[in-house]
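Beneath this line is the structure, given in structure tokens, with notes to follow.
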């Protein structure tokens with residue numbers, strides 16, 4: 001138990017090892033299951049409520065357990081352990097959206113939760129391998145963040161996501177980035193990876209340095225938001241066309 005929850009690195013994480021691939025497979029399986037049983041979840045209040053609060057509980061336990069791990073192992077500090085990275089904020093906003101079903105929170109979680117968490121799953125910045133607590137927490141937490149974004153926009157978004165929402169969320173993200181720049185300056189931290197790229201090789205590793213790095217961050221965020229909205233629009237348009245065709249056939 002001490003080794004499992006400790007801070008001693010007994011075995012370093014290796015990208016695309018068997019345990020990593022299994023976790024990616026579980027993430028994809030979760031999306032497939034949600035898509036397969038979407039109508040049953042949406043139409044059955046009891047199942048929907050169980051799923052909603054299960055996602056909330058897992059997000060909350062993930063964050064609390066991580067903070068507990070840092071404190072117990074004597075490594076907690078404001079430079080590294082505040083939940084201010086993009087996935088940390090997506091987790092907090094996701095919990096609030098699950099509680100309140102607020103449309104603005106659902107919208108923001110949709111954009112900042114799904115793809116960033118998915119990219120983190122593919123290219124983790126993670127010191128410990130399976131079955132260490134940090135390994136399990138990282139993958140469970142990021143899977144739940146991404147699934148929560150998909151769940152919220154599918155079940156609780158009462159209006160169509162438009163390109164205006166893309167620009168709006170992009171604006172929110174830039175305001176938050178400015179705030180984090182000030183926080184990083186005050187604490188000497190690297191939240192949102194504004195000061196330097198992660199130690200692990202991630203897509204950010206290819207963004208260059210200095211001013212070019214920030215430009216590439218902006219381009220990447222805008223591109224991913226637009227791509228995500230385009231996929232959403234294609235899916236919802238197809239669904240609307242199928243519903244219209246079904247109604248037309250029924251009337252005939």
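Cβ coordinates are placed from backbone N, Cα and C, and glycine is handled just like the others.
Pulled from TrEMBL, these are the features on record:
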type	residues	note
TRANSMEM	15-38	transmembrane segment
TRANSMEM	50-69	transmembrane segment
TRANSMEM	81-98	transmembrane segment
TRANSMEM	105-123	transmembrane segment
TRANSMEM	135-157	transmembrane segment
TRANSMEM	169-191	transmembrane segment
TRANSMEM	211-232	transmembrane segment
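The list of residues near the transmembrane segment (105-123) in space but at least 6 beyond its ends in sequence, with Cβ under 8 angstroms from a Cβ of it, reads 15, 23-24, 27, 86-87, 89-91, 93-94, 96-97, 139, 142-143, 145-146, 148-150, 152-153, 156-157, 161, 165-166, 168-169, 172-173, 200-203, 224-225, 227-229, 232. Sequence-remote contacts of a segment are chain residues at least 6 beyond its ends whose Cβ falls under 8 Å from one of its Cβ atoms, and for the transmembrane segment (15-38) they are 118, 121-124, 129-130, 135, 139, 143, 146-147, 150-151, 154, 200-201.
Against the transmembrane segment (169-191), stretch 211-232 has more CB pairs under 8 A than any other of 50-69, 135-157, 211-232.
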